[in-house]
């Protein structure tokens, strides 16, 4: 049986960064390098119905080992890594028996310090895997892949552990918001599933943001600066006025918990035309409606002031809070909580201040909460994971499978 850490290190050595500018699926051909390896590993584990489609979605099924009906459940992770930092030539460091000191990340000059990352102080005695300070690690979400496959290997090696059908799925392009777009829920054939894509040990999430993209387009008039008086309209000045109308404290860096925000994420600026790219987030549908109305109101106010419709607002919904689709199936959450408790883990139920494949899948008819991986600081060079936490994730996956069978006997 492949060791959990060995699997993980193998996966992070493969660059699978996704590309939001590419329209195809997967957005980068290199995601197939990991996808094809996972197909081989699923076949080595002798799973049934192993497949990969033209879009890079990998699926397989561990058949039930009991002689009574048990609902099929699934475990899902994504193969791509975030565009925010390089995923090429990842060089992990293993820190055994961490003692609370500063961790030097290779020769990059970067460090993991308890003062900046206080979670480290809760991990004394743990074995950590870090980056070398030049790339992300890829624990998001290759740790989830390693944990799922290791759990499957445990179930295969221990046939005395009862379980129903276990469906496994690995998706491309989650980091650019498309991971569930072409996921074949009918083919997957699970009653419900769990993404293994969370952070610290104990995390259990079934609420996420409602998400909208807001593009503000400001139109100006470009004239030679030497003859511009009374003629030029600088669209960048209009854009600046609009941004100043946004609530200064309702930003990602100023909010937490269930608080929503407006986030100016990008800007393409010129005198004649400036485009502001916002993402807007709120946990309630009502709150999101109010945020959309607020932005439209500010556009209207600015247009009235400018005496011409120089500002446009284009709103596009991205995903919705899965809570409304998961709560009607309380057993899905209760099973995960029961499994964690049986593994001496205190469930830490909190909202996801983001989105997951599970959010989209829940609205596609597959209730799909999110479970921890044991990782921290995703999407950047300070990403790290605890080997202890990874092993606990494996234990929880195995226990969910076991309890699902025993509870339905």
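Numbering starts at 1 and runs along the chain as it is shown here.
Quick reminder: no glycine exception, Cβ is built from N, Cα and C everywhere.
Together with 78, 197, Swiss-Prot lists one candidate of 3, 15, 132, 140 for binding Zn(2+) 1, that being 140. The Zn(2+) 2 site recorded in Swiss-Prot includes 140, 379, and the single candidate from 88, 175, 334, 338 that the record places there is 175.
In the three-state DSSP scheme, residue 78 (Zn(2+) 1 binding site) is classed as strand. Separating the Cα atoms of residue 140 (Zn(2+) 1 binding site) and residue 174 (active site, proton acceptor) is a whole-number distance of 10 Å. Spacing of residue 175 (Zn(2+) 2 binding site) relative to residue 80 (active site) is 7 Å (Cα to Cα, whole number). Within its own chain, residue 379 (Zn(2+) 2 binding site) has 82, 84, 85, 136, 140 as residues 6 or more apart in sequence whose C-beta sits under 8 angstroms from its own. For the recorded positions 80, 140, 174, the largest tally of other C-beta atoms within 10 A is found at 80.
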